[in-house]
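TrEMBL lists 1-19 with the feature signal peptide. Taken from TrEMBL, the feature domain 'FAD dependent oxidoreductase' applies to 5-324. If you look up TrEMBL, you'll see Thr43, Ser44, Val166 marked as FAD binding site. Residues or ranges marked as D-dopa binding site in TrEMBL: Tyr223, Arg278.
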Amino acid sequence: MAAPKVAVVGAGVVGLSTALCVADAFPACSVAVLAQRFAPSTTSDVAAGMLIPHTAPGTPIHVQKQWFKETFTYLFAISNSAEASEAGIHLVSGWQVFKSTPGEELPFWSDIVLGFRTMSEAELQKFPQHRYGQAFTTLKCDCPPYLLWMEKRLKAKGVQMYTRKVENLWELHSEYNIVVNCAGIGAHQLVGDQQLFPVRGQVLKVHAPWVKNFIRDGDGLTYIYPGISSVTLGGTREKESWSLSPDPSTTKDIFGRCCSLEPSLQAAQEMKVQVGLRPSRASVRLQREVWSQGGAKLLVVHNYGHGSGGFSMHRGTAKEAARLVGECIAALQDSSSRAKL
Ligand code: FAD
């Protein structure tokens, strides 16, 4: 049979990393990325890009741990290479602080990040409103550089990029054998997934180059994440809100909360305010399906619904999606050899 044609729908961190894993695993396939929006206009471009996982209730912890470990290991190698600055990947140390000791003192990812430990009393003096804290070193992806770096690698492998809104995955049937759905929150409309909902997040990107350590309140709402060219201040988590317009009173509130954690931010210069919709569901949808219509078949792999953890998990889920694409290729080869008999 001819080399299978694979379309990846979506050019956020999930779509691009999935396309890379598919192109690497199956070099004989022709791979294309189709997306309504590319960097710098995706949800992934709004994210802080920190590797600190959020627990998804519908996915077993050992699976989430495996996805995080694969992502951390992959990005750690990039951070330790000549590619680090172009890819926007760097190590960052800091603190996660709590107003009271959390029920779970050792999160599942504590042995994957580097040097995880309980903060000392002396360190906690920096945070007079907090009683307990964890110090560790993790990785951060700066966006859009990381997305642009992935796009460049994909183009070098011959992967085509098309700006295109897909109304229905069936419309790709005549051009592609396999379609990988990495549409993020767009999957709500694209495949009518009612379990997928937005969790709106508003962040500020400020100029404060003296802030070198990350600070995250354990409630997950307030955070300060220094990147290469700006510091991300957050945030909000508004379930079921589809609004992409920044709210000025929220901007003020975020800035105030961040200044109370890191008073030196009073001198920061505001650069921009951004809003993104986290594609949330109880678990990431990583699934293979066969769609049939009037005797025609379309092989579909879903990889979306990463919620607050798209950066933390992307490489692990991309590898799993590529494995599912491999199963589709095997099914295609099987049906083509049976047709010849
Ligand atoms: P997206 O980036 O939204 O990409 C979806 C792609 O699909 C886009 O290219 C879009 O144009 C395309 N698409 C959609 N529908 C269609 C269609 N019908 N036809 C064609 N193309 C279509 N995660 C972390 O791990 N760490 C963090 O620190 C972090 N911080 C965050 C802060 C904020 C404020 C927000 C909002 C999110 C944050 N996240 C973080 C979560 C992270 O941003 C998401 O999990 C991740 O970006 C999801 O990536 P994605 O590729 O699935 O979706």
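The backbone N, Cα and C atoms fix where each Cβ goes, and this holds for glycine too.
Annotated features taken from TrEMBL, shown on the structure.
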residue : record              : contacts (Cβ under 8 Å, 6+ apart)
Thr43   : FAD binding site    : Gly12, Gly184, Ile185, Gly276, Leu277, Arg278, Pro279, Gly310
Ser44   : FAD binding site    : Gly12, Val13, Val14, Cys143, Leu147, Gly184, Gly310, Phe311
Val166  : FAD binding site    : Val9, Leu34, Gln36, Leu172, Ala183, Leu190
Tyr223  : D-dopa binding site : Ala48, Met50, Phe214, Ile215, Arg216, Asp217, Thr232, Leu233, Gly234, Gly235, Cys258
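Comment: FAD site residues Thr43, Ser44, Val166; largest CA to CA distance 19 Å, whole number.
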